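Presented below is the structure to which this report refers.
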Amino acid sequence: DEPEYAEAIREYQLKYGKI
């Protein structure tokens with residue numbers, strides 16, 4: 001079970017590559 005912000009983090013990684 002992922003937190004709701006996990007989806008935003010995935011989009012961030014798609015845009016920027018890594019955190």
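The backbone N, Cα and C atoms fix where each Cβ goes, glycine too.
Lifted from Swiss-Prot, the feature list:
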- Glu7, Glu11: divalent metal cation binding site (BINDING)
- Pro3: 4-hydroxyproline (MOD_RES)
- Glu4: 4-carboxyglutamate (MOD_RES)
- Glu7: 4-carboxyglutamate (MOD_RES)
- Glu11: 4-carboxyglutamate (MOD_RES)
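Mapped onto this structure are the features recorded in Swiss-Prot.
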residue: Pro3; record: 4-hydroxyproline; Cβ neighbours (10 Å): 8
residue: Glu4; record: 4-carboxyglutamate; Cβ neighbours (10 Å): 6
residue: Glu7; record: divalent metal cation binding site; Cβ neighbours (10 Å): 10
residue: Glu11; record: divalent metal cation binding site; Cβ neighbours (10 Å): 9
Taking the Cα atoms as reference points, how far is Pro3 (4-hydroxyproline) from Glu11 (divalent metal cation binding site) in Å?
14
Rounded to the nearest Å - Cα separation of Glu4 (4-carboxyglutamate) and Glu11 (divalent metal cation binding site):
12
What three-state secondary structure does DSSP assign to Glu4 (4-carboxyglutamate)?
coil
